[in-house]
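Undergrad: Just passing along the structure, written as structure tokens.
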Amino acid sequence: MSIQDLRDVKIITAMITPFKEDGSINFEVLPELIEHLLSHHTEGILLAGTTAESPTLTHEEELELFGAVQKIVNGRVPLIAGIGTNDTRDSIEFAKEVAAFGGFAAGLAIVPYYNKPSQEGMYQHFKAIADASDLPIIIYNIPGRVVVEMTPETMLRLAEHPNIIGVKECTSLANMAYLIEHKPEDFLIYTGEDGDAFHAMNLGADGVISVASHTNGDEMYEMFTAIEQQDIRTAAAIQRKFIPKVNALFSYPSPAPVKAVLNYLGFEVGPLRLPLVPCPEEDAKRIIKVVVDGDYEATKATVTGVVRPDY
């Protein structure tokens, strides 16, 4: 696979990792889950990202997961592998390993967390990863989890690297607009914030790397279709109903809410690995009512209780 596989991909699902009660990966659930995603307009899948609980997955588990998903997907949609850590050497070695493994359109590498690197440190980190293998790299800029934020200027420097093909941007819409205006033509820009997908697509973003597409992919697809058809009134009407669902899906540390909904829908994706824990039962019930049923009272509680989702 290559960057060309991602050219017209607008909805990429950052897929959860299903676990058994003993904490091991539940590979038996994967076929049903993946077919559900593909039948509801997922056009690409990110594995071993934040939503997959990658901090608590070993590289060996990730590679086993990659192989299992590749067999199920069988080339129907492009795959992206989470490969980044806050250790440049480890990120380089895993990027090489994933490149040798094959079958991925790109690797997603997060801005280094905890270390708090400078802009030059971020630049050198990603340049080193991109120089080290032929796996195309997408930068993951999410200061809410990382603490530091890559500036648009640093991003545009890295966008000139031939092996850095895009960004999953979770900063401001102002930053996204600036990047879209000034980026190289082939540089892909995805929002990583479901609630901002409407605005990002209207600004000219390439798509979304989504959690909500696990449960509300049809709505997202309909909204994007309306935007493409320049029917902003319809797209905005969908967005108004979509926002409370996104808020609900991020009203407790992710991916606990989306796992609660998927378990309710019968997918048996199981628990989370510590230090993450499931939503409290009453919260889970409210989240399910909002996301699945669009329940008015539960939606009102979500809107008044969450000013902005915590991605």
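Note that Cβ sites are derived from N, Cα and C of the backbone, with glycine treated the same way.
As the structure is a computational prediction, the values presented were derived from the model and not from experiment.
According to Swiss-Prot, the record shows the following:
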SITE      Thr50  site 'Part of a proton relay during catalysis'
BINDING   Thr51, Ile209  pyruvate binding site
SITE      Tyr114  site 'Part of a proton relay during catalysis'
ACT_SITE  Tyr140  active site, proton donor/acceptor
ACT_SITE  Lys168  active site, schiff-base intermediate with substrate
Undergrad: Return the residues near Tyr140 (active site, proton donor/acceptor) by Cβ distance under 8 Å, restricted to its own chain and a separation of at least 6 in sequence.
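TA: Expected: Gly49, Gly84, Leu108, Ala109, Ile110, Val111, Val167, Lys168, Cys170, Gly192.
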Undergrad: Roughly how many Å lie between the Cα atoms of Ile209 (pyruvate binding site) and Thr50 (site 'Part of a proton relay during catalysis'), rounded to a whole value?
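TA: Between the alpha carbons of Ile209 (pyruvate binding site) and Thr50 (site 'Part of a proton relay during catalysis') there are 11 Å.
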Undergrad: When DSSP states are folded down to helix, strand and coil, where does Thr50 (site 'Part of a proton relay during catalysis') land?
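TA: DSSP call for Thr50 (site 'Part of a proton relay during catalysis'): helix.
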Undergrad: Measuring Cα to Cα, how far is Thr50 (site 'Part of a proton relay during catalysis') from Tyr114 (site 'Part of a proton relay during catalysis') in Å?
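TA: For Thr50 (site 'Part of a proton relay during catalysis') versus Tyr114 (site 'Part of a proton relay during catalysis'), the Cα atoms are 15 Å apart.
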Undergrad: For Thr51 (pyruvate binding site), write down the residues of its own chain that are at least 6 apart in sequence and whose Cβ falls under 8 Å from its Cβ; none is a fine answer.
TA: Ala14, Met15, Ile16, Val211, Ser254, Pro255, Val258
Undergrad: How many other Cβ atoms are found within 10 Å of the Cβ atom of Lys168 (active site, schiff-base intermediate with substrate), counting all protein chains shown?
TA: 27
Undergrad: My understanding is the cutoff is Cβ-Cβ under 8 Å with a sequence separation of 6 or more in the same chain; which residues meet that for Tyr114 (site 'Part of a proton relay during catalysis')?
TA: Asn86, Val147
